[in-house]
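Per TrEMBL, the features are as follows:
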- 209-231: transmembrane segment (TRANSMEM)
- 296-313: transmembrane segment (TRANSMEM)
- 380-406: transmembrane segment (TRANSMEM)
- 426-447: transmembrane segment (TRANSMEM)
- 493-599: domain 'TMC' (DOMAIN)
- 502-519: transmembrane segment (TRANSMEM)
- 564-580: transmembrane segment (TRANSMEM)
- 601-626: transmembrane segment (TRANSMEM)
- 676-693: transmembrane segment (TRANSMEM)
Amino acid sequence: GELSRRCPSPAPLWPTGRSRGAIIAQFYNRTARLRRQSSRLPLQQCCRAARPSLRQYDLETDPARATLDDKRSLLVKELLSLSPSQRSHMLLTMPLSLAEKCTLRQELSRHRGLSRQRVQRQGRSLPCRWFKDSIALVSLGHGSVWPPPGLWPWPRCSHQAPSPQGCRGLWYRLLSLLAAAQPWHYALKQIGGRFGSSVLSYFLFLKTLLVFNVISFLILLVFVVALQAAYPPVSASPPPFTGLELLTGAGYFTQSLLYYGYYSNATLNEPCASSPQGSACPLPAPPLPYNMPLDYMFSIGASFLLTCILLVHSMYRSFGESYCVGSSTGHVAIKVFCAWDFKVIQKRSVKLQCENICTQLKELLAEQRSRSRRRSLGQCLGHSTVLLLAWVLSLGTTLCCVLAVYHFSEHMHAGSSKWQQEAVLLVLPLVVSLLNMLMPHLYNLLAIWERQDSPGVQVYVAVCRNLLLKTAVLALLCYQWLSRRVVCSAEECWETCLGQELYRFVVMDFIFTLMDTLFRELLWRLVLEKMLKRRQRPEFDIAQNVLELIYGQTLTWLGVLFAPLLPAVQTLKLLLLFYIKKASLMQNCQPPSKPWQASHMSTVFITLLFFPSFLGAAVFLSYTIWSVRPSEGCGPFRGLETIYKSGKTWVQVLERSNPNITWFTWVHQHVLENTVPLFVMSMVLLAVIYFNIQAVRGQRRIIRLLEEQIANEGEDKRFLIQRLHSVYEQRER
């Protein structure tokens, strides 16, 4: 009634010669264009296709052939799709009478009421829709309101099945949360946007190492540690816990699940395993005996095999991303015009993406600027002489460090009883960790003297020098460990003593990493800002930090046979390192003064982790399993000539107990023990690698020819345009 009183029926106001249907059709078209240009659906409501679906548009009705009522209903439908302000502005600008406008407003009010009732009815009856809206609010950061107002509860007595659209939307919401559920997703984006890809490669590498250690820890926990804990062996009572064991790994931890000597050599679920010898066992044997020596060896082998597969897969994927055929990562134009992600809508994500793109552009420009520099012949000779002297000094210092570690370890093993004290056991790991912390600073001074043009080359040279030092020291220590030159008492297994030694090396490496972070980053920043009054901060040393990770992981792989819980210690160490290094990076360090693109850095890190780290540890453990005699009094392989004999003994016992599985013995003898299948598989693998390399070379050659063809076409077009200009100029004359 109020609407009819406010809208009298005056004379028509549309222009002469134009019908009311033509005006409505004209504004229907204008409203449709406005809606298609200005309205953009939220990402949660967009379809998965790259373009808008044609089903969104009403193609059945032609406005030119429709009646007046059809045109009015089409105009109302288009007005409903606009925002309230756009709808009011459009109604005001229509050259229609007030009565016609009131009719349109009544139609709009009626349609809005019907749509609101339909939405409320569907929202109360569909659980999937409620979950979908809840997940959307959680993903946007409004998870504190639970459940959202107006969405809870739906009727409990409703028996309406969830619609496919609502459940499909719920599934898409869950998939969208997977990216945010990745560990350190936002932290890695923040580091990459502020410090560039070079510093980000360190944290990505740390994340990869964490995955490897978690997988190894879970395998050993499920198949070795948990079962031995369920069936504990008879052992002497451990000494009281003093706290020093956290550093030395000895004392209370000696007779624990942490080390090799605690594990038994019996069948765990055998009912009469603890009965005296010679007495008959009244209980039947279990249908599936669980042999601890075999399980110990195969679990460690399975963890190494799975780690090797993951490493090869990571190398393959990293090579595919870094050395992609026809890659355009180095093109500035592509980075400028195609780098923005239009799906980013949150303010924090937009800021991070802006910083990331700016950092990448700085890296690309710095790389192109370094390529354009040229040296004269005299400068090249002088630079080569400096490089030669720097390498001679670095190799000489590496040799001195190795000799110092050798003489110090010999003095320890020949010492008196005072070296048997637990606190003194930390001296050798302390010396090695101290050398590993101090020598990279000497290499940094050599790098300043060398004055490398590219920061990437400087990092690679520092990585090579640190790698030579750590590899030489570890090779010397492995030789001494295999020669049984380890500090050990008479009643302990040499495997347990070796596990304790490696545990001390891992702990000392972590402590010295924290000390290096404290003194080189935090204290140096305070000196620069408070005392020297400089607006400058230290830079993050990528080479040293990455080599510390590789060194710690190599120690873990070397000690997993002698300390099955060492991957758990390494996992805790990596978790603490990530948060400590991230906090120190954000508070104490500045972005690299010379931005450079680390497109191949992750590939180099994974390759160094595979060789020499993983392959060296695999060779060390393989030699221990196949050639070194285990301890006689403790451990799962006591009384055997080698650890490998446990598998052979188990196969013989299995053949005697069940003659029907002689085929398994044949497979073990002709496949596992014979070297011919391994040789054939290696040849096939090398052939596949060779053919793939040739295919990649052919693709690169074709791409290079296509690029030359495109360049020639551009030159031809430029030549034709110049000829056309010359022809026109001759005609004008």
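Note that Cβ sites are derived from N, Cα and C of the backbone, with glycine treated the same way.
Take the transmembrane segment (564-580) and the stretches 209-231, 380-406, 502-519, 676-693: counting Cβ pairs under 8 Å, 209-231 has the most. Here the transmembrane segment (502-519) lies next to the transmembrane segment (426-447) in space: the count of CB pairs under 8 Å, restricted to residues six or more apart, reaches at least 3. Proximity of distant same-chain residues to the transmembrane segment (601-626), defined by a Cβ-Cβ separation under 8 Å and at least 6 residues beyond the stretch ends, is recorded for 197-198, 201, 204-205, 208-209, 297, 300, 304, 307-308, 311-312, 314-315, 318-319, 321-323, 456, 459-460, 463, 467, 471, 474-475, 478, 482, 542, 546, 550, 553-554, 557-558, 560-561, 642-644. Per DSSP, the secondary structure of the domain 'TMC' (493-599) breaks down as 79 helix, 2 strand, 26 coil. Summed and averaged per residue, pLDDT over the domain 'TMC' (493-599) gives 89.
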